[in-house]
Amino acid sequence: KHMLVIFGFSACKYTCPTELGMASQLLSKLGDHADKLQVVFITVDPKNDTVAKLKEYHKSFDARI
């Protein structure tokens, strides 16, 4: 299994949503092969990115991230 690791934070307005959107599109395009890729988002702002905040933030992106 391959991994795509994305570092970011929920208050990021431009780069992070773009990267997560691209990862979501990639998973969609992979179709049945998407299970061979694990996409992981790691916050660089753990003080402000609570679990609840990140769950809400990620609703806009593929659930497999």
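From the backbone N, Cα and C atoms, a Cβ is placed for every residue, glycine too.
Taken from TrEMBL, the feature Cu cation binding site covers C12, C16. Annotation comment: TrEMBL describes C12-C16 as disulfide bond.
Per-site Cβ counts within 10 Å over the binding-site residues C12, C16 peak at C16. Taken residue by residue with DSSP, C12 (Cu cation binding site) is part of neither helix nor strand, so it is coil.
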